[in-house]
Amino acid sequence: MATTQREETPMVALENGPELNGGSAPREEGEKLMQYVAGFLATLGALAAGTVLAWTAPTLEALQADDSFLPVSPDQGSWIGSLMPIGAGIGAVPAGPLTDKLGRKVTMLALSVPFVISWLLILFASNVPMLYAARFIGGLATGATSVAAPMYAAEIAEVSIRGTLGAFFQLQVTIGILLTFIVGGFASYTVLAAVSMMVPIVWCVAVLLLPETPLHLLKSGKPADAEAALRRLRGASYRGAKAELGEMQRNLQEAARNDASLGDMLKSRAVIKALVICLGLMVFQQVSGINAVMFYTVTIFKAAGSTLDPSIATIIVGVVQVLATLAAALLVERAGRRILLLGSAAIMSAMHILLGVYFYMSESGSDVSKLGWLPLMCVVLFVVVFSLAFGPIPWMMAGEIFTNEVKGSASTVAAAVNWIMAFAVTKVFGTMMTSIGTAGTFWTFGGCCVAATVFVLVLVFETKGKSQQEVQDILSGRRSR
């Protein structure tokens, strides 16, 4: 596992103010609009990642057709789908050190380049290896973006809207998936690639307009720039700037005093428990079967004999996913993380079981002609509850349960594990469908969702409204959940 190289934090004289979430007086909050705008624009990189993620859904089957301009075998198609998460797992590893060295803003600007290169390769592909290269390069950019963009959003957000901005990453991913479903359903291979290529270009322009995060500027020894960036984000008249910067400085100094490799930090009970929770949520996010469902949506509906046109069905699923993720951004600071995760895992398991029953009946020769609506209902409900919790919350909690000195390394490991699991699930999905059948495949995912329910019930605690110190006290056992 990679560890983040840490620079010595410059000691900058700042006016001390009340502690956030725990001082003698609460600090005044700033204006929210610019924080929302900056968070949304920064996570346009996730929209670019969503287009990369979903590209196989409308195109892979067409490439495997007899009249394809670029014939692709089933095995080649499997690698075209799987090379993206492999690249993402690799791309996540250096992302933490890069964001520390170059800054969050510069890193995001740089990541627009491999996104564009991947789409150019797809646009001009004349053989399958070019598609392999495109998917791998797009994966590298996706993995690094999954570290850099959420980090930017987390560092610019006040505590009261931390959960909402934390959900923006997954929201943008779902918008990218929907865009791909819509364009891919009605336009050509070339048009889809050209439209998708425009997304990282727009992201690059948007990021140019954003300030660097105040935390990174402070860490780089630029307190005046940090204050200017903070006032851009909170409003020019924000009176809590000195206090907030003072707290950031104290946190950075504490992180510098406790600086150690991730291996050394694994001796800490709090770090070990945080890693178990974070990595567990990342693993269960993938073994819930979401990427298998999204990558193979058209195939699922055709296999089910649905009366809906498969392209329309996937667009419906994409719209539902966007709306549900938007609802998650609004609900997460009200309902809390844990209750949403519990409900999500329980309902996902039920949907997988129902899908398994449907396909078991179909494969055993039963008449399911009047049940063509069932796969659509199950997939839609599955996507809704996934998007409400297991989609955004694992990424959100990764930014909440680690201290500053371990967050860079831990976020890198978490993102890499997530994408490695995405590769594994994507790669074995086709094999599972062949070896244990469609019913057995969905029942397996259902069992994973049952295990996720137990995991959340036993290990995951609520972080809503808790300060970093309160979270660490719970992890270390100094206070109850």
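If you go along the chain as it appears here, the first residue is 1 and each next one adds 1.
In case you wondered, yes, glycine gets a Cβ from its N, Cα and C as well.
Please treat TrEMBL annotations as automatic predictions, because they have not gone through curation.
Look at TrEMBL and you will find 34-464 tagged as domain 'Major facilitator superfamily (MFS) profile'. Summarising the annotation, TrEMBL assigns region 'Disordered' to 1-26. Feature annotation from TrEMBL assigns transmembrane segment to 36-57, 77-96, 108-126, 132-153, 165-183, 189-210, 274-298, 310-332, 339-361, 373-398, 410-430, 442-461.
Long-range contacts of the transmembrane segment (108-126) within its own chain (CB-CB distance under 8 A, at least 6 residues past either end) are made by residues 42, 45, 48, 52, 55, 70, 98, 102, 133-135, 137-138, 140-141, 144-145, 148-149, 152, 190, 193-194, 196-197, 199-201, 203-204, 207-208. Listed by sequence, the residues of this chain that lie at least six past the ends of the transmembrane segment (77-96) yet keep a Cβ under 8 A from its Cβ atoms are 2, 4, 52-53, 56, 60, 63-64, 107, 128, 131-132, 135-148, 291, 295, 408-409, 411-412, 415-420, 422-423, 426-427, 430.
The transmembrane segment (339-361) and the transmembrane segment (132-153) are not in contact, since fewer than 3 Cβ pairs between them lie under 8 Å (pairs 6 or more apart in sequence). For the transmembrane segment (132-153), same-chain residues at least 6 beyond its ends with a Cβ under 8 Å from one of its own Cβ atoms are 39, 42-43, 45-46, 48-49, 52-53, 79-81, 83-96, 98-99, 104-105, 107-108, 111-112, 114-115, 117-119, 121-122, 125, 165-166, 168-169, 200, 213, 395, 398-399, 411-412, 415-416, 418-419. Most Cβ pairs under 8 Å with the transmembrane segment (373-398) belong to 310-332, among the candidate stretches 189-210, 310-332, 442-461. Sequence-distant neighbours of the transmembrane segment (310-332) (same chain, 6+ residues past either end, Cβ-Cβ under 8 Å): 54, 57-58, 163-164, 166-168, 170-171, 174-175, 177-178, 181-182, 184-186, 294, 297-298, 301-302, 340, 376, 379-380, 383-389, 391-393, 396, 464. For the transmembrane segment (442-461), the list of distant contacts is 273, 276-277, 280-281, 284, 287-289, 292, 337-338, 341-342, 345-346, 348-353, 355-356, 359, 390, 397, 432, 436, 474, 481: same-chain residues at least six beyond its ends, Cβ to Cβ under 8 Å.
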